[in-house]
Amino acid sequence: MDEAGGSASGGGFRPGVDSLDEPPNSRIFLVISKYTPESVLRERFAPFGDIQDIWVVRDKHTKESKGIAFVKFARSSQACRAMEEMHGQCLSPSDSKPIKVFIAQSRSSGSHRDVEDEELTRIFVMIPKSYTEEDLREKFKVYGDIEYCSIIKNKVTGESKGLGYVRYLKPSQAAQAIENCDRSFRAILAEPKNKAAESSEQDYYSNMRQETLGHEPRVNMFPFEQQSEFASFDKNDNRGQEAISKRLSVVSRVPFTEEQLFSIFDIIPGLEYCEVQRDPYSNFGHGVVQYFNVASAIYAKYKLHGFQYPPGNRIGVSFMDDGSNATEKMATQMVAAQLASMVWNNPSQQQFLPQFGGSSGSQLPQIQTDVVLPSCKKKAPPETAVKERLFIVFNPRPLPLDVLEDIFCRFGNLIEVYLVSGKNVGYAKYADRISANDAITTLHGKILNGVRLKVMLADSPREESNKRQRTY
């Protein structure tokens, strides 16, 4: 936004263009009233730290405020605390609409989206190899409430690599840790786990096809290959011959836990063990599953490859070389065919599928999230007066309407929820402001079914109709 006009009135250091993002995440982006003066911004944000400059974005021709401003702080922790405490607040008693506060994107970034909270709460540190997770927590708990600590270990030996992660509950706590911890830890913000979600669905499934679909064996004698769930596999594709084994590789765009992996693959009899492989340089969830016999592994691969867990996220399953004798292949295929008939024709095995939140195509989607949601409540009658509207942004895609209604009705007094056609946005109408505020508090910034939600108060219909299309 090169149109920003503003000043550093009141004295103090004004940063040059090259130092606007030094230190990183020290600028906040504000959506304010067009009539808010710079003096009010300085007065309300000065308690959070040393303000180096304030920019108010103005029209090039009329010089009128566009209702957008930036505030540059001396430290990242000051900017984060200002965001945490001022987002959704009114700057003065006369203001009818609360302001929006976000950490500003780096000017060197090609993206114009808001910086997500998750990108600001996880730090990456170098630690002695003798450190345990408890040691790591003890060192960094002085800076704030820790959600979890993890140490990166060698996949083969299980020994620490001398690297770890610390995830805080608030961005300001992570910033404090980076600013104040011993320099030997070389603490920096970690790459976000969900970075892959920012790429398109097409790119993801293209990569998945290369990693898992591209190496499927052409086994035409399997009787269950003719079933409807395998009809999507093109038998005329030029696929390489894959070595069949008892060990499977599992790939997912959404990270999973060892318990979740076990729950999915234990549906197939004969599971020996499973292991989640954590790699800080990968954006996907990775796991290894091994069965006691090859037949179970073959059936698991054909039954669970493409299985949706959570709904909307398909997992990829492929064979891994475990050194087994390739001459067993023909016999194990025949055993697998018999196992398929025995297991899948037994209704008692199929009943496990819904319990894990997965979908093979015909089930209604379940809500998968670590957010504690209230129980379902009745919707308000359609003719009820609207007291509050919420604006919902979905990343990377909208949730299905039935899931959306199930989520937002849990806060009570929901009149209607709907999606905007062709956009990753939607609206929810409530008959009670408290219910709407509860929905914002619980859902804003959270991930449900692999989709991150932004939930905020919507502009009034009149204000929306007068808006010009955004060009920044």
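Backbone N, Cα and C define each Cβ position, glycine as well.
The structure displayed is predicted, hence computed values, not measured ones.
Per TrEMBL, the features are as follows:
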type   : residues : note
REGION : 1-20     : region 'Disordered'
DOMAIN : 26-106   : domain 'RRM'
DOMAIN : 121-195  : domain 'RRM'
DOMAIN : 388-460  : domain 'RRM'
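Confidence over the domain 'RRM' (26-106), given as mean pLDDT on the 0 to 100 scale, stands at 91.
Helix first, then strand, then coil: DSSP counts for the domain 'RRM' (26-106) stand at 22 helix, 26 strand, 33 coil. Using DSSP to sort the residues of the domain 'RRM' (388-460) gives these counts of helix, strand and coil: 22 helix, 29 strand, 22 coil.
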